[in-house]
């Protein structure tokens, strides 16, 4: 199975399954002499881990990361950093009923058709549990970016189902209340929307159903010049990284699809000696960072793991009914904010190292 790595100079390779012994990753390209310990990685993992609120899956995992290599006397050595997280709260018996069934909307069918075998326990490798290692690796990237270049990467949830935040709460990046974002389980900057999200999720849990979400991730203080046209454009690599997150079905950079209804006189980011007058492009022009904040939005589908019965087939292509009995999130977007931050950090650091190697 290929496709387990991302990045060129800053390269992350993950391994492990949802109900396996452990999850792990190898992080190559971390510059030497950066102070690093598990305590630097754990806060982001705690933001992502399951069982932290009544709005997410009841599966409880400590997600305590251990650094296996690449750090000596509290500093990175420049060699590969090995990370591991032990799985602890697997309940594989919950998946006995779907051993030979394909859950509609999941990767069960395609994995079976491609490989002729699949780990049906919690989705195996296709489970979002794998993203814990992305968050751990991303925390390394975020730390280096902030300490060495002042780059800060943060995200927030802007929509669950048809419930949207007040756009005025995020109209100006400098005025986003990040304390509010970090003080509620939805990572939401709008306190009114938090109450509406709460009500919506409660109803969905009663129904045994799920819902989709939209979130935004922003990188501030990114220097001008990151990105390698034409095929390694910064926005192309960001889209690739963000689309690789489980359940993501759409990515927008800047105004994204809203640009369809804009005129050129509106969408172009005019400039003055003092700087740009707008940021419709999301901080990227011609595939290269412009020095403005990089803004990306992602849409996540509603999880297909629900207790509402659904039609499907089994491995013998016979019709069956599927009812998911495992523990799942009613809205996967709630825990996706730190994952999106991690993927943006991995891409930005990779391109920053490539920029330094080529241009300065």
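Just so you know, glycine gets a Cβ as well, placed from its N, Cα and C.
Copied over from Swiss-Prot:
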BINDING   48, 54  NADP(+) binding site
BINDING   125, 126, 127, 246, 247, 286, 301, 302, 303, 304, 305, 327  FMN binding site
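Known features from Swiss-Prot, placed on the structure.
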{"residue": "48", "record": "NADP(+) binding site", "DSSP (3 states)": "helix"}
{"residue": "125", "record": "FMN binding site", "DSSP (3 states)": "helix"}
{"residue": "247", "record": "FMN binding site", "DSSP (3 states)": "coil"}
{"residue": "301", "record": "FMN binding site", "DSSP (3 states)": "coil"}
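Residue 247 (FMN binding site): 21 other CB atoms within 10 A of its CB, across all protein chains.
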